[in-house]
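Trainee: Okay, here's the structure, questions in a sec.
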Amino acid sequence: MASSTPPPLTTTKPYQNHHLPHHHHNHQTHPHNHRQSVHHHQWTSLKKPPPRHAAKPPPGPTTTTSTSTNPNFPSLSSLPPSTKSDLSADFSGRRSTRFVSKLHFGRPKTAFASRHTSSAEEALHLAIRHRSDDNNTSHIDSLLLNFQHKLSGTDDYTFLLRELGNRGEYSMAMRCFEFAVRRERRRNEQGKLVSTMISVLGRLGKVDLARKVFDTAVVEGYGNTVYAYSALISAYAKSGCCDEAIKVFETMKSCNLKPNLVTYNALIDACGKGGAGFDLASEIFDEMLGNGVQPDRITFNSLLAVCSGAGLWETARNLFSEMVYRGIEQDIYTYNTLLDAACSGGQMDVAFEIMSEMPTKHILPNEVTYSIMIRGCAKAGRLDKALSLFNEMKFAGINLDRVSYNTLLAIYASLGRFEEALSVGNEMESMGIKKDVVTYNALLDGYGKQGKYDKVNELFSEMKAERLSPNLLTYSTLISVYSKGGLYKEAMEIYNEFKQKGLKADVVFYSKLIDALCKKGLVESSALLLDEMTEKGIQPNVVTYNSIINAFGQSATGECPDGIIESLVQSSPSVFFREENDEDDSIIKIFEELAAENSCHSKQDNRIGQEISCILGVFQKMHNLRIKPNVVTFSAILNACSRCNSFEEASMLLEELRLFDNQVYGVAHGLLMGQRENVWMQALSLFDEVKQMDSSTASAFYNALTDMLWHFGQRQGAQLVVLEGKQRHVWENTWSDSCLDLHLMSSGAARAMVHAWLLNIRSVVFEGQELPKLLSILTGWGKHSKVVGDGTLKRAIETLLVGMGAPFRVAQCNIGRFTSTGALVTAWLRELGTLKVLILHDDRKHAGTATLELRPPFQTIPL
C-alpha cells in the first residue's frame, strides 16, 4: 500500500496552497485502526508527520492550479475581497457562519438508540394534545403524576425532554425536568437529566435559562460533570456566544474535568458561530489532539465553518484534504460548508467543480447547496449564472425556501427587473411564505438604485402596514439610498426615526453611510464619521477604509458660505428639527450641512490639498488599528494616484502603499518610473496572485494600475499591463476580429486596449485578409451614468477615436456602441499616418519633474 504525507495545515498563512501527491485509500481498512499510533502534526510546523494511508481527495477542492504566494503580499488571498460595486455589496453582508448553520437547521440528525417505553410516547401524546393556547403548562404536572409509576426512569424522561424541545415546548420541558429531578435520587441519573435539559434549551436559543439550570445543578451537587459542561458550552455555541463558551471551558478544566470529543466539538463550533478567528479554533484543535482526543466528522465540519465565516478558502481546502486522509467520510454539511468557503473566497469556478463532484460521493445537492451557490454567483456579479441555477434547482425538483426566494428577488431587483422581482414575491406568498424584512430590504435597495424614490417611500409604508418592523439594515439601506440620490433631508428624517426606535448603529450601518457619502465625493464628511465610529467603540473594517480612499479626488460639492446653515435653519425650522440629544450628533450635522448646500448655489472649489491631508489621516488610523489592507485597498490607492494633479501628490499616496505592501509598491513604482525590464518578473508574480481573486476584484486592480500609468504618461506600460490582463482573461470576451468589448474596463485600460486592438486589426489587413463587414467597439451603458449610454468610458473612447481620425461612429440603435464597416476601417488603416497615431509613446514630461524618492523597490520595511 502506497503511503503519502498529508498537506500541512497552517494558521499563520492560511492563504498558501500546498500540493502533495494523493493515493487511493483502502476502504476496507477502518480509519481508527491506525489513528491512535499517528501523532497529528502541529499545523504551524513545517516538519512532515509520519506517513499514513491516504485517500485521493476530489479534484475540485484539492487540485486547483495555483501559484506560490509571495509572503510580502499576504492580504490578497487571506482576506475576503470587499465589494467593488453596489450590486456585489447586496450579497456580501454575511461574514458569519451563523447563516450557514441556520440553513442546515432541521437537517437529519444522527440516529441514536432510544430505550424509552411506550408509556413515555403515550404521555408525550397527551401532553401535546392537552396543551393550552395561553401557554399554561400546569396540566403537565397532573399528567406526570398519573404516569410516574408507568415511566421507566431516566430514559423515558430524557425522551420527553427531547421531544417537547423538538416541538418548541420548552416550558413544559422545564416542568418535566423539575419533576424528574425531584423524583430521581441517583446523582449520575440526575446528571443525565440536567445535560439533556441544557441541550434542549441551547437548541431553542434559551441560553440564559440553560445557564440557570446548570448553576442550580452544580450547587445541588449533580451538575459538575463533563456532560453538563459540554452541554452548556454547546448551548453558548448555538447562540454565537464564543467568549462565554470559552469561560465555561476554562472553568471545567479548573475543576479537573477532562474535556471529551463533544466538548471540543462544541467549543470549535462556538468559534464559528461567534465569529472568533481561525487561530483560536486551531489552538483548540491542537489541544484536543495533544490530549489524545481524535477528531470526527463534526470536528472538521465545525472547522470548515470557521473558515467559511472568515473567507479562508485555502485553509478550508487543506482541512478537507486532511479529513480525507484521516478516512473520515463527508456528508452534505461538509460539502455545503466547503462550498460556502469557496464562494466567500471568490472561487466560484472551483465551487462549481466541487458541486459537480458531490453526486459521485452519493451526496446530492439540496436547497442549501443551491442557496449558497446562487448567493456566491450573485456576489461575484455572475447574475445570469445565478438565475440559471434557480432553473436547475426547479428542474431537479428541489423546492425553493425563503432564503432562495429572497435571493432570487434580490437579484431581479438589483438588475432593475422589478416586474419579475414582484412576480417572485407573489409566487413566494402563494407557496405560503410571507414577505419578510429581507424581502422588503431587497426591494428598497433595488428601487433606490434606480432612483425610483416614490416607489421606495411606498414600499416603506407598505412594510410598516404589514406590521414588519424595519431592522438596522432597512434604515441603513434607506439612508444610503437617499444620500446617494442627494436627498439629504429625507435621509435625515429616516435617521431620526432610526434613533427614536432605539436602534444602535453598527459597522454595517456606518459603512453604508460612509460609502454613500464617498459616492458623492464627500471625503472629509466620511472621515468625520470614521472618527465617530471609533469613538463609539465600533471597529471599522477594511471595506470602510477602502470607500474613503477611493473617494479621493471626486469631490462634487463645495462648501456654503459661513452662516448659510444658520440662516436656512431659521427660515425652515421644520427641515432641521432637532431632538435635545442631537447637539453632538455628527450624522445630523453632516446632513444639515449637505441639505443646506443643496439649497444654495455654492461654486465648486479645489479641495485636493485638504483631501490629501484627510486621506493621510485615514491611513494613519489603519496603521494604528492594525487594519490589514486587501487588494481592493491597493486598487483604491492606485485610483487615488490617478486623480492626483502632480507627482508630488501621488508620491505621498504611493508612500502609504509602500508601507502597506512592498511588493505592490515595487511594481507600481517601477512601472510608473518606466523601469519595465527591471520589475516585469515581479509584476508577473503579482499578477499571478491577483488572478486568484474573483474576476471583479482582479479586473479592478488591473484597471487601477493601468489608469495610474496612463494618467502619468506611461502609455506603453499601461498597454503592457492591459495586454497581460487580456491574456489572463481578467476581462471576459475582450476582443475578436470583429468586436472589442470594453465592459468593466476603466478609461485608461480601455484606451490602451483600443490602440492594441486596432494594431492587431491592422496586421490582419496587411497580411492580405479581409475584415468582417461590420466592426464594433462596445463601451457599455455607463453604469454610474444618469443617462444610459453616456458614461465616462463612452466619452473617453469617443474622444480617442475622433482624435485618431478613426471611422467609427455611435450606432443609432445602441448609443453605447461604436461601429464602422470593414471597408472603411481597412482604408483608414492603410493611410500613411495611421500607424503613427496607433503606436503609443510614453509622455516623459511628468517623469522629468518627478519627486518620487527612488528606494530599492523590494526592500522589506516594517510598519
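Every residue gets a Cβ built from N, Cα and C, even glycine.
Note: TrEMBL annotation is automatic and uncurated.
Look at TrEMBL and you will find 19-42 tagged as compositional bias 'Basic residues'. Under the heading compositional bias 'Low complexity', TrEMBL lists 62-85. Annotation source TrEMBL lists domain 'Smr' at 740-829. The region 'Disordered' annotation in TrEMBL covers 1-90. The repeat 'PPR' annotation in TrEMBL covers 225-259, 260-295, 296-330, 331-365, 366-400, 401-435, 436-470, 471-505, 506-540, 630-664.
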Trainee: Looking only at the repeat 'PPR' (260-295), report the model's average pLDDT.
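Mentor: Averaging the confidence scores along the repeat 'PPR' (260-295) gives 86.
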Trainee: Could you give me three numbers for the repeat 'PPR' (331-365), the DSSP helix, strand and coil residue counts?
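Mentor: DSSP composition of the repeat 'PPR' (331-365): 27 helix, 0 strand, 8 coil.
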Trainee: Which residue counts does DSSP yield for the repeat 'PPR' (296-330) in the helix, strand and coil classes, in that order?
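Mentor: Across the repeat 'PPR' (296-330), the residues distribute as 27 helix, 0 strand, 8 coil.
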Trainee: Would you mind splitting the repeat 'PPR' (225-259) into helix, strand and coil residue counts from DSSP?
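Mentor: Summed by class, the stretch gives 26 helix, 0 strand, 9 coil.
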Trainee: What are the helix, strand and coil residue counts for the repeat 'PPR' (260-295) according to DSSP?
Mentor: 26 helix, 0 strand, 10 coil
Trainee: Which residues of the same chain, at least 6 past either end of the repeat 'PPR' (436-470), have a Cβ under 8 Å from a Cβ in it?
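Mentor: Distal contacts: 86, 90, 402, 405-406, 409-410, 412-416, 418, 421, 425, 428, 477-478, 480-482, 484-485, 487, 490, 501.
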Trainee: What else in the chain is close to the repeat 'PPR' (225-259), if you only count residues 6 or more beyond its ends and a Cβ gap under 8 Å?
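Mentor: For the repeat 'PPR' (225-259), the sequence-distant neighbours (Cβ-Cβ under 8 Å, at least 6 residues beyond its ends) are 96, 98, 191-192, 194-196, 198-199, 201-203, 205, 207, 210-211, 214, 217-218, 266-267, 269-271, 273-276, 288, 291, 293.
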Trainee: When you scan the chain for residues with a C-beta under 8 Å from the repeat 'PPR' (471-505), skipping those not six or more beyond its ends, what do you find?
Mentor: 93, 437, 440-441, 444-445, 448-449, 451, 453, 456, 460, 463, 512-513, 515-517, 519-520, 536, 538, 575-577, 579, 587-588, 591-592, 594-595, 598
